[in-house]
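Undergrad: A single structure is presented below for examination.
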Ligand code: AGP
């Protein structure tokens, strides 16, 4: 999704901005641009369709290899929402060479504003919603100073925005604002930086101020003034970025996704660290305020999107089985617009890798208005909007996840949510022995994930049988159904092969009609109470000529399916099956995508952090 970088410094900011854009590449984008004020105060702007490297080439060409010079600048990676990906639609956007801006988010009333501005003589050079904002500021500048013009302009905006704005001839002032889209300010020595994500700025600072909803900031080299939504001057805390959470480098791996897949044993350990003893889930695992809240929980509502929704789906099976508490799960984009009824004493759990997903954030805000016992977020990004707006947070501690296809964020979400399940279950009669059984299993989890990863060469070989397929069907039962869904999501998002997931018992109610020799069917078959039922479903497939790929427990004799493709996994304690069985599906989708030559880390049309609706 769109990324913002800005800097007002004592030195040339060109490389700070370009490096920031490179660090934001993982978010997914289609074009990039940058504007820097020259020593004379002129706006020098360069934009390019495609990757940041294309922008660098364009700057090189436009400046005869000298590069851009200036100590104040703004830059952007765009992910198209209004208007096709093109140089004209790329940011920064300007109004009459006088003011320039970058924008993340969506201006919902842009059409009305555009019509009004057109009648006032403004000519639009792009199809974007963002361009209205810079013309509004330009209009206000005719009567007001820079700061007042920004304040007046944003008072007309409906929707979501993070903005960074510069003015021709004004090397001393940068204005930024946020409403509904994240924005952080990096603090340096007589320098300030702006980013939609702290990762963009780690090369220059590790001290950050997270702007809150409705905040505006006036930034000079010596002074930062933050105003809240009512324009009162406010102080916001400076947080120091925790470098332990890792850095965004691929290391020896060809893709971030592969690196992140293989990091799973380590990050699962990190997620468990300090939260379990040899036999117990520790009370302090959920923060100081948690105990009182968890004591009162009578219902759980989970809200999330995509992969995070799938971890919510698995958690529903766990919470209802172990804690005996009703648990609902819903995708955030539905929940936020539906007439919802929240049961008494509901703990609302949002799950999100980024903590910035617009739908999840909006759903949380809506649920809070309806009345909740409390909200908790299971999140990977400290300081993110969901973390700041929730009563409790359970950090997944997976370190930055750069590949658009989520891997380690998913398995750490599940690990954290299993801990939470135990905490709730203990309050609802789970015996000490049952708790010990799960905690003992959790201690084995990193080793079991290692064993599943060791199947990589086998899975790489199997992936060759997928490269020419156009459709596929994933099957699972019980908590393995959401794992089938997650496996299907992985395959479709990075290999572009159509993949659907079904609870295997549903096959005969329709999807069986799809089965023929061109349709690979992937099934996850751990040794559990539902195995026999699943095998009968697979036999139905085999009888109709379907080609089966079964990931099954090594101790199970699946002789009826022997002529199919069987991959054996170690025996896994029942509570861990979802976490271990997703590993081969992640590897399968990765290898199929590599064979198909797709952009594994930044698949087409997708963004890492979906900060717009
Ligand atoms: C996962 O592979 C996807 N890229 C996507 O479904 C993602 O999980 C979804 O957009 C939610 O993101 P979040 O976890 O950051 O809220």
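Cβ coordinates come from backbone N, Cα and C, glycine included.
Positions annotated as active site, nucleophile by TrEMBL: 2. Residues annotated as active site, for Fru-6P isomerization activity in TrEMBL: 608. TrEMBL lists 2-222 with the feature domain 'Glutamine amidotransferase type-2'. For 290-430, 462-603, the entry in TrEMBL reads domain 'SIS'.
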Undergrad: Under DSSP, is residue 608 (active site, for Fru-6P isomerization activity) part of a helix or a strand, or is it coil?
TA: coil
Undergrad: Give me the CA-CA distance between residue 2 (active site, nucleophile) and residue 608 (active site, for Fru-6P isomerization activity), in Å, as a whole number.
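TA: Here the two Cα atoms are 10 Å apart.
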Undergrad: In this predicted model, what is the average pLDDT of the domain 'SIS' (290-430)?
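TA: Average per-residue pLDDT within the domain 'SIS' (290-430): 95.
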Undergrad: Can you break down the domain 'SIS' (290-430) into helix, strand and coil residue counts using DSSP?
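TA: Counts, helix then strand then coil: 66 helix, 28 strand, 47 coil.
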Undergrad: Quick check on the active-site residues: of 2, 608, whose CB has the lowest count of neighbouring CB atoms inside 10 Å?
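TA: Relative to the other active-site residues in 2, 608, 608 has the fewest Cβ atoms within 10 Å.
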Undergrad: Pull the DSSP breakdown for the domain 'SIS' (462-603) and write it out as helix, strand, coil residue counts.
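TA: Going through the domain 'SIS' (462-603) residue by residue, I get 67 helix, 30 strand, 45 coil.
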